[in-house]
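I have placed the structure first, in the form of structure tokens, so that the comments after it can refer back to it.
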Amino acid sequence: MAKAKFERTKPHVNIGTIGHVDHGKTTLTAAISRVLSERLPSNTNVKQDFDAIDSAPEERQRGITINISHIEYETEKRHYAHVDAPGHADYIKNMITGAAQMDGAILVVAATDGAMAQTREHVLLAKQVGVPYLLVALNKADMVSDEEILELVELEVRELLSNHGFDGENVPVVRVSGLKALEGDQKWGDAVMELMKAVDESIPDPVRDRDKPFLMPIEDVFTITGRGTVVTGRAERGVLAVNSEVEIVGIRPTQKTTVTGIEMFRKQLDEAWAGENCGLLLRGTKREDVERGQVVVKPGSVTPHTKFEGKAYILSKDEGGRHNPFYSNYRPQFYFRTTDVTGVITLPEGTEMVMPGDTISITVDLIQPIAMEEGLGFAIREGGRTVGAGTVVKILE
């Protein structure tokens, strides 16, 4: 069966839901899907139920559904790909890759609870991984009858956003009830439409880096019987046409191959554009030749490196960081794009130790090469938790 072609008629925006566990991220995602499918019916606005969205991250990862917990929908203005980032601490790694894919995010805060630990953690992570815009869905608003409480929660969330470098004063805060909207309640359906209007208006059309050389970090790799190996990820920049030659850079020696097919939301494309989640079919490449953490690039545009100077912020104990200082030769993991690589930190002369809460210049020696450019962001992690975040300032070798 020939696949339907993906039509590009509206601006495409990647968004997602973030926030504390059980505050209703997935319910709200399902509600957006339902309300839009009823009020703006189209080929794109197909209702996705809660269970399908909720089970996406784990179960379907090994199937051939490209784009794991992404759903697509459209407003009158735009086409959206929406990723539902699960809320548990052990999903933080997914959150880092998921959040890195967002042009903006809906921070879901239950009006019944207010901001909680993971609310703060997700806002901090959103800032670190460069989610440029947030807006707030004050969820479960049907369960709070006291206007003062709603106002207090709103103030608290605005303050939290301001403290983390977002524009807390001007961020839209929309009162919603994902559950009631999902049940078909007219009033709360209107609230979901109001939320989507706020998303349309407060998250600017992303400036896509289409003119730069193509780069896509690999998130997943699988085999499609009879066709070959597919790598999936979000194109960070550039445009890639079918039958183009590419290089796969990082972790292993650089290899050349040809992209023989491109698909997105199970539809065939002639080209992959910056900002799109897609799967690339690679000619003559075996499943074991490529892995998560490598990047697919225009030949000659990016090189692998192991040693760099970076600027990093080390999280304080209160932010969930380390409780004690570290010294030269500290060996954490450096999380670049989609993978962790161990690296050895050397502190600048005259700096004996680094305290939680410090901002510091470091030299890092990675045990495996990573496709790297100046300005590339990374997280510093240890034992599965983020203890710092930084940027590559200068490549040394």
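Numbering starts at 1 and runs along the chain as displayed.
Note: Cβ is positioned from N, Cα and C throughout, glycine not excepted.
Record note: among 84-87, 328-331, 380-383, 84-87 is the stretch given as region 'G3' by Swiss-Prot. Region 'G4' is the annotation Swiss-Prot gives to one range among 55-58, 139-142, 251-254, 267-270, and that range is 139-142. The binding-site residues in question are Gly19, Asp22, Thr26, Ala141, and the one with the fewest Cβ neighbours inside 10 Å is Asp22.
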